[in-house]
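Asks: Copied straight from Swiss-Prot:
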BINDING   Cys53, Thr55, His76, Cys185  Zn(2+) 1 binding site
BINDING   Thr55, His76  alcohol binding site
BINDING   Thr55, Gly210, Leu211, Gly212, Ala213, Val214, Gly215, Asp234, Lys239, Leu304, Gly305, Met306, Phe331, Arg381  NAD(+) binding site
BINDING   Cys106, Cys109, Cys112, Cys120  Zn(2+) 2 binding site
Amino acid sequence: MDKTFFSSNEGKPITCKAAICRKAGEALVIEDIHVDPPQAYEVRIKILCTSLCHTDLTFWKLSFGPISRFPRILGHEAVGVVESIGENVDGFKQGDVVLPVFHPYCEECKDCKSSKTNWCDRYAEDFISNTRRYGMASRFKDSSGEVIHHFLFVSSFSEYTVVDIAHLVKISPEIPVDKAALLSCGVSTGIGAAWKVANVEEGSTIAIFGLGAVGLAVAEGARLRGAAKIIGIDTNSDKFELGKKFGFTDFINPTLCGEKKISEVIKEMTEGGVDYSFECVGLASLLNEAFISTRTGTGKTVMLGMEKHAAPISLGSFDLLRGRVICGSLFGGLKSKLDIPILVDHYLKKELNLDSFITHELNFKEINKAFALLEEGKSLRCILWMDK
């Protein structure tokens, strides 16, 4: 990026294009917006490319509750370049290639300093505010001066955005930016669940419920750890061929199992159950099947899917008593600033398959087409280029 552009805009609002969601479920509108300069502990970044995640789809449709606010700028998977920095910003400078990440890592609280969790006790409970340290204060306004709300502290469906340093990761400029964007949410979530949460070991058996991008990323993580059998469960058999690229060895379509439960089929395939199961859909009923599909005494189930209705989970107490374990996984147990550069390094060493996640590439102006592709199940990850 031209250095004169940096100097001419530093400390001033920037006018740029953004895709604004003005009402739940309605088509996004490309409009001119004003992006304020970063405040203390904030960075303004130029988005190079962004991608769609099912979470964007969920919040696009959400028409009730405190986190349903419009107009807003969605988007949270992206890669960008630092355009300017606010006060008290260490570790970032103009021109750095960065990933914005929805999950905070403040580096200072008890949990961030702990090796046991990736939770941030200081910030992670708040999903409602526009800006991390300034509450409902927004850095976005439309051309008429109306405030535009942020989304998950990222808002990447804009040519420029402002992100708190707790949500920002500096990465190597050697990785292609479209591949890098995938690591800011879904792919990292899946790989991290296999590596950090489950700690899959060589020779283990795996069952993955739901073969979207997160489920496929779990398989990629398990493959790299040397899992012997990776079973994919999905009602869409078309995903099975793609799944082989990520290490799946077997597939189950629940609609073709007759009267047998999925857990029964898995136990027959694995002589009593898998070592690890991963629920990547977000259904309480499916979580129970994932739990029962693991081995008695040692089986571990990891929940990655978000149950949007917060339905209660029903598990047999006797199954728990006999040693099965269940746990949740938010952002794959990863501490963003520490672990994402490691994933970048694995890609640069040609060990990590990121290329196969990208099924479509479009110009940013075609963002509504990208939403339609994802909603119809035709897209795994669609890269939206800002300048192509």
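Glycine too: its Cβ is placed from the backbone N, Cα and C atoms.
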Asks: With a radius of 8 angstroms around the mean position of the C-beta atoms of Cys53, Thr55, His76, Cys185, what other residues of the same chain does the Zn(2+) 1 site pick up?
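Replies: Neighbours within 8 Å of the Cβ centroid, excluding Cys53, Thr55, His76, Cys185: His54, Asp56, Gly75, Glu77, Phe102, Leu152, Ser184, Gly186.
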Asks: Please report the distance from the Cα of Ala213 (NAD(+) binding site) to the Cα of His76 (Zn(2+) 1 binding site), rounded to the nearest angstrom.
Replies: 15
Asks: To see if you understand the setup: which same-chain residues, six or more apart in sequence, place their Cβ under 8 Å from that of Cys120 (Zn(2+) 2 binding site)?
Replies: His103, Pro104, Tyr105, Cys106, Cys109, Asp111, Cys112, Ala166
Asks: What residues, ordered by sequence, lie under 8 A Cβ-to-Cβ from Phe331 (NAD(+) binding site) and sit at least six positions away in the same chain?
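Replies: In sequence order, Val101, Phe102, His103, Asn118, Cys185, Ser188, Thr189, Gly192 meet the Cβ cut-off.
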Asks: For Cys112 (Zn(2+) 2 binding site), what is the secondary structure state per DSSP, taken as helix, strand or coil?
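Replies: In the DSSP reduction, Cys112 (Zn(2+) 2 binding site) maps to helix.
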Asks: Could you check which of the binding-site residues Cys53, Thr55, His76 is the closest Cα neighbour of Lys239 (NAD(+) binding site)?
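Replies: Sorting the binding-site residues by distance from Lys239 (NAD(+) binding site), the top entry is Cys53.
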Asks: What are the sequence-distant neighbours of His76 (Zn(2+) 1 binding site), meaning same chain, six or more residues apart, C-beta distance under 8 angstroms?
Replies: Cys53, Thr55, Asp56, Pro100, Phe102, Phe151, Leu152, Val154, Ser155, Ser156, Ser184, Cys185
Asks: Using DSSP with the three-state reduction, classify Phe331 (NAD(+) binding site) as helix, strand or coil.
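Replies: DSSP call for Phe331 (NAD(+) binding site): helix.
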Asks: Where does Thr55 (Zn(2+) 1 binding site) sit in DSSP terms: helix, strand, or coil?
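Replies: Thr55 (Zn(2+) 1 binding site) sits in a helix per DSSP.
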